């Protein structure tokens, strides 16, 4: 009984193995047919399309390269009436010649002087069609060589009061005649005077409108030193007043209030006199010496 049961199980296993092998075989055959019948033809068509694209791109590249050698004069010359037509292009040479020498040789041998002139006119007409007339007029306009020579402005340092040295070009231009040099000297003196007037007006406006002692950027060095000294004196006076007020506020120093106030009044007198002497009053005009 045991041997019979074993044989039955072996047969069942053999049958299952054969069934699975048949399934595997059928699947492999299906894959093979799918690859050979569906995938390979599509790949072949795709490769053909790629080859066509490569051929067309190569043809376009050669066409663009040969367009620079097109003989426009041979194609532009047209027959007139019943006149005999000359063989403009030979049988071996197409519309795109192989080299520039052949194109020039064809234009010299095949085309006469009249045909060459007509071709030049045709090319000019085509150029005028694709270009703007206003731009051509702008590029072909008459250019005049005459012009006005501009003078360089006089550069001077306001702090030091130094005058600018004339450049070499101005000296060369003004060295032709003595009269021209005199005129320019007169103009320079007028400019210096006007500049000094402007400085004086600015100083007057500053000291007339505000009471601050901030030096302006156009004030000379001497004025700046005086203003800085006055600011220092005023600041010292303010500090002394603050210290005196602090001392007087204490109860121990109540008895010394009047002498300290008198001393401060006596000390403030000369400072005010010095400030009135050094600071110019509003409305004064400051004159500067000219070093020529």
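Heads up, the Cβ atoms here are built off N, Cα and C, so glycines get one too.
Summarising the annotation, Swiss-Prot assigns compositional bias 'Acidic residues' to 265-275.
All protein chains shown were included, and the count of other CB atoms within 10 Å of the CB of residue 26 (phosphoserine) stands at 10. Here Swiss-Prot flags 26 (among others) as phosphoserine, drawing on similarity to another entry.
The phosphoserine annotation in Swiss-Prot covers 118 (among others).
Look at Swiss-Prot and you will find 134 (among others) tagged as phosphoserine, backed by similarity to another entry.
Among the features that Swiss-Prot reports, phosphothreonine is placed at 140, with the record citing similarity to another entry.
Summarising the annotation, Swiss-Prot assigns phosphoserine to 155 (among others).
As annotated by Swiss-Prot, phosphoserine applies to 156 (among others), with the evidence given as similarity to another entry.
According to Swiss-Prot, the feature phosphoserine maps to 200 (among others), an assignment based on similarity to another entry.
According to Swiss-Prot, the feature phosphoserine maps to 216 (among others), an assignment based on similarity to another entry.
Marked as phosphoserine by Swiss-Prot: 250 (among others).
Per Swiss-Prot, region 'Disordered' is recorded for 99-118 (among others).
Residues or ranges marked as region 'Disordered' by Swiss-Prot: 149-194 (among others).
For 226-292 (among others), the entry in Swiss-Prot reads region 'Disordered'.
Residue 200 (phosphoserine) counts 15 other C-beta atoms within 10 Å of its own C-beta, drawing on all protein chains shown. Distance between Cα atoms for residue 200 (phosphoserine) and residue 26 (phosphoserine): 113 Å, as a whole number.
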